Amino acid sequence: MAKPDFDDIFMELAVNLARRSHCIKKHVGAVLTKDTRIISVGYNGPPAGTHNCDEEFPETGCARDSKGSCTLAIHAEQNAILYAVKNNSSVEGSTLYVTLAPCLACARIIFSMGIRKVVYLYSYAAYKGLKEDEGVAFLQKFGVEVQPTAKSSKRKILWCKEES
């Protein structure tokens, strides 16, 4: 039996972390690694100490801002990076595994923090109905290695409520 490679292990963990999300709109997980060691994890949701969307707004999700984004949400990538920094872990030169390609705002943070590689499961553009993955394009333009996971067709993540 072949051993799974670290890309598969870390992406599988990101998929499982996404299932912890309380977001009504989508579930996203992230794993931040360095030298095949996990330095932080995250999933999308509200800041600790605030309200979970699925508990307070089970039918509609939380309130939206002028761009249609959740007013409470911290993206999975942001949560993973913030937790690492809060715990004095350097993210410089690390690799980020995320179930949804980073949005442009997250891409700017990823680049600014010195993360060298991003591996994603699903396209943000496809999910949002956009022409291109702006976050991916931004990262590539500035030298961050970005790649879709090789096994994306074999994986499944739940974007909203769990399916039967």
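A Cβ is built for glycine as well, from the same backbone N, Cα and C atoms used for every other residue.
Taken straight from TrEMBL:
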- Glu77: active site, proton donor (ACT_SITE)
- His75, Cys103, Cys106: Zn(2+) binding site (BINDING)
- 5-141: domain 'CMP/dCMP-type deaminase' (DOMAIN)
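Excluding the listed site residues His75, Cys103, Cys106, the same chain places Ala76, Glu77, Gln78, Pro102, Leu104, Ala105, Ala107, Ile109, Gly135 with Cβ atoms within 8 Å of the centre of the Zn(2+) site Cβ atoms.
The 10 Å shell around the Cβ of Glu77 (active site, proton donor) contains 31 further Cβ atoms across the protein chains shown.
The sparsest Cβ neighbourhood within 10 Å, among the listed binding-site residues (Cys103, Cys106), is found at Cys103. Counting only same-chain residues six or more apart in sequence, the Cβ atoms lying under 8 angstroms from the Cβ of His75 (Zn(2+) binding site) belong to Val28, Asn44, Pro102, Cys103, Ala105, Cys106.
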